[in-house]
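Novice: Below: one structure in structure tokens.
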Amino acid sequence: MAELQTGKPTPLGASFDGQGVNFALFSADAERVELCIFDERQQEQRLELTARSGDIWHGYLPAAQPGLRYGFRVDGPFEPSQGLRFNPHKLLLDPCARQLDGWVVDDDCLQGGIDQRDERDSADIMAKCVVTAEDYDWQDDQHPHTLWHQTVIYEAHVRGLTQLHPDIPEDIRGSYAALGHPVMIDYLTSLGVTALELLPVQQHADEPRLQQLGLRNYWGYNVLLPFAVDNSLAAGDDALNEFRDAVKALHRAGIEVILDVVFNHSAELDVEGPTLCQRGIDNRSYYWLGENGEYHNWTGCGNVLRLNHPAVIDWVMDCLRFWREVCHVDGFRFDLATVLGRTPDFTAAAPLLSAMKNDSRLQGCKLIAEPWDIGHGGYQLGQFPTPFAEWSDRYRDDMRRFWLHGDISLGAFARRFAASSDIFQQHDRLPFASINKLTAHDGFTLRDLVSFNHKHNDANGEGNRDGTDSNFSNNHGTEGLEADDDILQRRLASQKALLTTLILSQGTPMLLAGDELGHSQQGNNNAYCQDNELTWLHWENANSALREFVAGLIQLRRTIPALQQETWWQEGDGAVQWLNREGQPLTPQQWEQGEHQLQILLSGRWLVLFNASLHAGEFMLPEGHWQVSPPFDETNPPEGGIWHGQAQAVCVLIKQTA
């Protein structure tokens, strides 16, 4: 029979010291905490944590080793109207656990009770935590530390990126091992991206509703254990080290790794959801609750983590440090990041945001906010503090509207092209703060954006009610991928115009994986539950010419000084000149009155020509000898100081020097 010693209150979670394992769990309102350990026959032994330091319950188990499976039972009042939902009949996961054994299944036995305790024991069907050892040989690994103004982000899903790649060994496709395979590294470096932003790799659970439909949470935003590397994306049985191998391989190629992390809600969902972890450990501390103990739902996922509580702030900060120090990641993208600044109203001076900003162990990390949630005052674009960058939906929507609908002025276009200075040039923020994107995992792919006017999400099992209807897409005359050659050519021209705009805008460009390959999701703009060939990239059918075009754009971006400077463009600094199609400065009327033709002179030498009109037009070029710059088509060179721009066309010219 194992016996617990007193142990210590830090660090939280299960910590192996070479001789045994220390366990520490936060709970302010609990009256009794039991550590539950399980042998290979699933036999449970309960050990009471009698030592308590403040609100931390702790104990030390001598001779315990990595691989030990465990959980907790936490007892205390069950008073839902007071926010108290303790239930010792439910085996609970350690919120700081580094590994999960098993999977959270759809079973009513996991329900802790709505108005009264559910007394069915959940241990037999509940997944278990696993003690891990974190030693690893990083060799000479170094963070690439790519400067923000030199960063090009590539957003991808581990499985979606690698599952169908024919040159990756079949037994590792769709995994972290595939991500670090030389074939994938070579592809990313040849494309020219500098940072790989991964959809969640934190251990997640599939919602009961999806399990009932035979679907999975493909994206992974239903996070269960934020400290644990998701087992479902590992080729082998050691997800942590497999992930670290991939990070090390990417770093050797100079590619940063940014993780999409979820701290706004948990996998316990609403009051009818399962009791898996925080709800049973300390419901009042971990969640935002109403006056009668009801869950606030500013996330749309049933609950909201209370990120202004000191203990919850410490938990998040410990988690970020784990991924930074143990896994060597280079940055984080925070899902529904307004929640991080709620007190409950949003403030840029919120304690968690301040902790991230000032933590010495996170210095050099790239921090990216998705600056909204669905609560009151949830839209906070431009309001996050330095050093955060932010996903810009204004950039996405305005650029889509300019090219695909023609209802955005040149003034609005120019503001987005210039890193949305009207939004971000405040509070000492720099142009990199605008994460410019046309598409992302949620929404249409670029090919679908020019092929569908309406979403087609029936496969999600929600009657096509899910996903946004505000897409600003344009199918160019026919709904769906199949169309005549004229429509297909116009769609390709629109894709190239949008991609050129994205890559050559000031700010930080983010490219959705597959957009450079012509990937389609058949019009599904909310493919969160499609873990299949709908979302996986089809490498063998890829548009290689489009990929080469995008790689050329990224290379071109690197050669233009105006796009490599850290500071804002200023009038007269030589970085940018805005010209009409006659080659003259735009008049106030032209800025705001329906013009769709524009010349942008960058660094005095690169001339970006935009004809977003539905009609061809002549552009009078500034003085000098101009030639078409790669990767643009040299079959339409300027003649006699004039460029003949086709409808919905874009081109970059370079001024020849003597």
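Counting starts with 1 at the first residue shown.
Cβ coordinates are placed from backbone N, Cα and C, and glycine is handled just like the others.
Summarising the annotation, Swiss-Prot assigns active site, nucleophile to Asp335 and lists sequence analysis as the type of evidence. According to Swiss-Prot, the active site, proton donor annotation covers Glu370. The compositional bias 'Basic and acidic residues' annotation in Swiss-Prot covers 457-468. What Swiss-Prot lists as region 'Disordered' is 457-478. Taken from Swiss-Prot, the feature site 'Transition state stabilizer' covers Asp442, and the record attributes it to sequence analysis.
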Novice: Are there residues at least 6 beyond the ends of the region 'Disordered' (457-478) whose Cβ is under 8 Å from a Cβ of it, and what are they?
Specialist: 213, 215, 397, 400-401, 404-405, 443-444, 448-451, 484, 487, 490-491, 494, 523-530, 534
Novice: Helix, strand or coil: which one is Asp335 (active site, nucleophile) in, per DSSP?
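Specialist: DSSP assigns Asp335 (active site, nucleophile) to coil.
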Novice: Write down the Cα-Cα distance for Glu370 (active site, proton donor) and Asp442 (site 'Transition state stabilizer'), rounded and given in Å.
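Specialist: For Asp442 (site 'Transition state stabilizer') versus Glu370 (active site, proton donor), the Cα atoms are 12 Å apart.
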Novice: Return the count of C-beta atoms lying within 10 angstroms of the C-beta of Asp442 (site 'Transition state stabilizer'), excluding that atom itself.
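Specialist: By my count, 14.
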Novice: If one measures from the C-alpha of Glu370 (active site, proton donor) to the C-alpha of Asp335 (active site, nucleophile), what distance in angstrom results, rounded to a whole number?
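Specialist: Computed Cα spacing between Glu370 (active site, proton donor) and Asp335 (active site, nucleophile) is 6 Å.
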Novice: In sequence order, which same-chain residues at least six apart have a C-beta under 8 angstroms from the residue listed as 'active site, nucleophile'?
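Specialist: For the residue listed as 'active site, nucleophile', the qualifying residues are Pro200, Tyr221, Asp260, Val261, Val262, Phe263, Asn264, Glu370.
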Novice: Determine how many residues of the compositional bias 'Basic and acidic residues' (457-468) DSSP places in helix, in strand and in coil.
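Specialist: The composition, in the requested order, is 3 helix, 0 strand, 9 coil.
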Novice: Using DSSP and three states only, what is the residue listed as 'active site, proton donor'?
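Specialist: Going by the DSSP assignment, the residue listed as 'active site, proton donor' belongs to neither helix nor strand, so it counts as coil.
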Novice: Around the C-beta of Glu370 (active site, proton donor), how many further C-beta atoms are within 10 angstroms, looking at every protein chain?
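Specialist: For Glu370 (active site, proton donor), the 10 Å Cβ neighbour count is 23.
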Novice: Using DSSP with the three-state reduction, classify Asp442 (site 'Transition state stabilizer') as helix, strand or coil.
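Specialist: SS state of Asp442 (site 'Transition state stabilizer') = coil.
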